[in-house]
Structure formats: C-alpha cells, structure tokens
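*Asks:* In case it's useful when we look at the structure, here is the feature table from Swiss-Prot:
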{"type": "DOMAIN", "residues": "2-222", "note": "domain 'Glutamine amidotransferase type-2'"}
{"type": "ACT_SITE", "residues": "Cys2", "note": "active site, nucleophile"}
{"type": "DOMAIN", "residues": "293-432", "note": "domain 'SIS 1'"}
{"type": "DOMAIN", "residues": "466-607", "note": "domain 'SIS 2'"}
{"type": "ACT_SITE", "residues": "Lys612", "note": "active site, for Fru-6P isomerization activity"}
Amino acid sequence: MCGIIGLAFAEGNSVAGALVRGLKRLEYRGYDSMGVAVIEPPGRLVVRKAAGKIGEVVRRTGVLSLRGRVGIGHTRWATHGPPNDVNAHPHTDCGGRVAVVHNGVIRNYASLRRELEARGHRLVSETDTELVAHLIEEYLGRGYSFLEALSLLGRVLRGSYALALLHLGEPDKVYFLRYKSPLVVGLGEGVNAVASDITAVLDVARDVIVLEDGEFGWISPEGVAIYRPRGDGGFEPLPPGALEERVKRVEWTPESASKAGYPHFMLKEIYEQPRALAETFEGIIEDPALLRAAGLVAGAGRLLIVGAGTSFHAGLVGHYYLSRLAGILGHPVVASEHKVYTPGVDGETVVVAVSQSGETYDTLEAVREWRGRGARVIGVTNVVGSALDREADVTLYLRAGPEIGVAATKTFLAQTILLQTLSIAAAGEAGRLTSGETRELTGVLEGAPDAARRAILASEGAAREAASLLKGAGSMYIIGRGLGGRLAMEAALKVKEVSYIHAEAYPAGESKHGPIALVEPGFKVYVVATSDSPEVMGNAIEMKARGASVTVVAPSDLQLDTPEGIEVLKMPPTGGETLLDPYSLTPYFQLLAYHLAVARGYDPDKPRNLAKTVTVE
C-alpha cells in the first residue's frame, strides 16, 4: 500500500524532482506521508520527509533544493506507528550512512527490534522499517558486502517487503530486495530505476523487469544486477541471457496516466470505459489462453471465484453467467475469507482469481494456499508480470490501461466482459452451447463498448442532478434481483467509497426479511432492473408504499409496469440481452458516486482510509 521509487542518473542534479514526479504517479496507492533520501556530492546522505500531501511536504521540507544523481523516495500508508514526521520514510541507521524505504509488513519486527536495542542500536520511530537500516549497519560492520547483507536480510525478515536502499559507501547505486511485495526495475537511457509500480518509472524508462520473490541487487546509471538466493544459503547472479529475456516493453505513455483535462482521474476513467472494453474484448477473443482457461473451468470438479472489493463483485457477475450459460455452479469467495474453503480444495479444484493489480495480498494468499493443495489457477489481472500472473497456470489479461483512481471503474467493466467471454467459452467447452450459439453470444458482446458509451452520455446529467438532491443523505439502499443484485453491490460500494454516504445493497427479495424496517418517508432507494428480473418492480412498489423515494434504473426497452410516483431512469436498450445490462446500467451509478463526492466537497480520487492496491494483510 506504500509506494517506493529509486533512481540513478548518469549526470545532472535533478534526481529530487524526478523522485517527486514518480511519487506523484504512486499517489493512487494511498498515502499519509512522503519522503526522499538523496546522496549529495561530495558524499552526504540527506533525508527530507514529513506527514502530509506530496506538494505540501515538498514545499515544507525543501525537497527540490536537494542536489544529486542518486536517490530513493516513498509514500507511506501507516501500518506500524501513526502517520507523523518521525514515522515517515526514508529511515536511516545509527551512523546515517544507510537509508531505506519499504512497502510491506515485517511480521517479526518486534523481536528484531528488541534484539537490536539490546545491542545498543537507537531506533527513533515506531515503524517496522527502521530496523532494516540497523540490520544492514550491523552486517556491514561485521565485514559483509552490501549484497551479502541483503542476502542475510532475506533470511532474517518474516513477512512481505519491497526495499530500496542507499549506502554512502557506494554513492552511485540503489540497492533493492523483494519478497511478496511488488517491485520492478526500469531500464532507461542514462538512468535506471526501481519502483513499486511501472507507472512510477514511465518518465524515465519503458523497458522493465518484474522482480520475483527473493531477488535482490542494485541499479546504477550504467547498469543493473539481479541476484537470487541458493538453497545452500548463498546467492548467485541471474544466468547469462536471463536478464535480457525478462525485459518487457511498456507501451503506456506518461500522458495515459495523467488526467487528460478531466478534473479527476475517476471521471476520466469512467469516460475511458468504451475504449477499455473494446481493447479487453478484442484482446481476449484472440488470446489462446481463453480456450485453455475455458477447458479448465468446464472440467472442474469444483470452481472457486476469488477476489476482493470490486474484483469480488466482478467475480459475482462472472459466477452469474457461468451458472446461466454453462451450468457451472461455482462458489464466489471473498479473498480474506478464503481459509473457510481450504479444507475442500484438492486437485479437482479450479480457481478463478480476479485482481486488477495482480498484487492484492488476500487474493494471492488464497491462490498460494490453494495451489499448495493441488488447485489449478486462472488469473484475471490488468498487470502483465504481476504476482498473480506468475502464480497462475493460465492468465487472462485485462487491457484497460492504468487505473489511477482508487475507486475502480473501468477495470470493473473490463473484468466483467472478460468473465462473460470466459463463461461463453466454457459453456461451449462443456457442450451447453453449440459453436453457432457461442459465436452469436460473443457477437452480442461486441456491442458492450457502444452500450457503455451511450450509458455514460445518458447518465451524466441525471447523475449530476441526483447528486445535488442527495448530497445531504445519510443512507440509501441499492437493490436488485439476479444480475441486478450483483450490479447493485458494486454500485453501493462506489457510493460508500467516494461520497462517504452509507449505501447498502442486498437482493431485493430480502426486503421483507428485515431491511424494509429502516424505510421511512424520504428514504432513498435505487432499484437496478435487469433483463432477467422485471419482477423487481414489485419490490420498488413496496418501498414506495412505505414512503421511500424510489428510482428505478433500467434499460429503456425493458417492459416495466411502473405506477405513479416511482422515477424510472431509462438507460440504453439492451435488446433483452442480460449480457449487455452491466454496460447499460453501471455507468449511472459510477457517475452518481463521483458527483456525490464532488458535491459534498471530497476528492473522489483519494477516498479516506483506502488504498488502490492492498498489498498487506
């Protein structure tokens, strides 16, 4: 959830500015403080850090006045110790010769800290990170090289960590170590980089290497070295040619990660959905991995669909289509609850793991635990080379481009169209659909980008108007049946995430079993009416009878018997195809959430207490 970056330039004194630009590209991960460390000539390690927003800290601490070619930077999301200036990264050793930034959680930090303090080290922060600098200091003091110190560190630390480190003894290098926390190396012209995320290095590098668990090494202006541990406790460099084989070219431009004139990333990404859908759909239907994945799903003894947050909701939608089209009764699993299902996992189990970043901690823990019991894994991710990509037997890639806003929008619909396509293919593999029917349904999905485009245009004004009326609301229901109930869950999450209005989603048929007790005059209820469940109008009517303000969001060609007093927002027609309902209906709720946040004075890109990529437990 923190973000780290390290840069080594061949010439100039602009590393501080470049670090700040890279950290700004990591803001989407969530943070409460930031800092940098730079080696200034002729040989001085300088740290500037504080709690607060990047721009504020840069101004307050004089970050841009630092001069040097090599440095590291960090945005912190507090896990050990409150957000304050002392706990902000980077952290240094007793002598001020080693600086470290870290993403992850060190599980055995308490015992390590006690041991270090007993040996005379003075640790000033409450973080689990600071002890890394002191351990390195000890190893160097015993005569080990920095690489040997990193190797020892990897054997001592328990938990997850991506580390970038500076050492005054080698002022042209940034060292790194990675275990269970994402880290990439960027290769540029006259500059090399290491960072939590490809997005952070786009200004300086387009060729990247995704590091694997246990790997460590260094970057300098002239080159990169990567080492891996051996079973005997030693380590070795990657074999000749292996480094070059792992280099991947990134086609994203820096501009694609900017706001492109929109006031917020969230709004930009809502409007990017037609393109993201087109590229994801075109990519998946041409990907040979689709049929491999479909064969696994069709032949599964049991199927688990696992994800967290929005990715879990996409999994619910995928589960709906797998059941309806392929007759496959899978189990949707909230990733943090995966241990409940572990006793039933064996070699007959197939797992569909959904994670936009491919680095979601709970999802990866489920995948690793279940793979250890023989399960085969299909990964669904937006990031090539991510941890999920590497863990999966088969990976199906979103092609949505970078998503910066913390609240997922375009990746939800991209995940949806990918899982719909997988469901159709699995139905074909299972013999539930003929080849002609498979082609016909796949052809229906070709209309998804246009349905989303028209839905966005149809929703903008209505969502803005509704937000102005609802900005003072304290709570609302968003309900639906069948597919609509699943879309309602994602709609409610968006409203909660960015506007801080409590929104509860549940299957509409459950109203009389408890939730309707909260309905009183003026209480807001949204009803998601999908092509499979026009009977949901009965639930809308019973809410209206209790005085609720009811708005039904439905495709314009869905036949509904609507009594007076219930508002119906007519979205683009779907021709009765439930396959197109998500693209006709979801954008309204995304825009409603966005405009509610803005109307209430909140930044929808940076909701409080949340992070884009949750890489810790």
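Including glycine, each Cβ sits where the backbone N, Cα and C put it.
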*Asks:* What does the DSSP secondary structure composition of the domain 'SIS 1' (293-432) look like, as residue counts for helix, strand and coil?
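*Replies:* Result for the domain 'SIS 1' (293-432), in helix, strand, coil order: 68 helix, 27 strand, 45 coil.
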*Asks:* With every protein chain in view, what's the tally of Cβ atoms within 10 Å of the Cβ of Cys2 (active site, nucleophile), excluding that atom itself?
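*Replies:* That number is 28.
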*Asks:* Given Lys612 (active site, for Fru-6P isomerization activity) and the residue listed as 'active site, nucleophile', what distance in Å do their CA atoms have, once rounded to a whole number?
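*Replies:* Rounded to the nearest whole number, the Cα-Cα distance is 10 Å.
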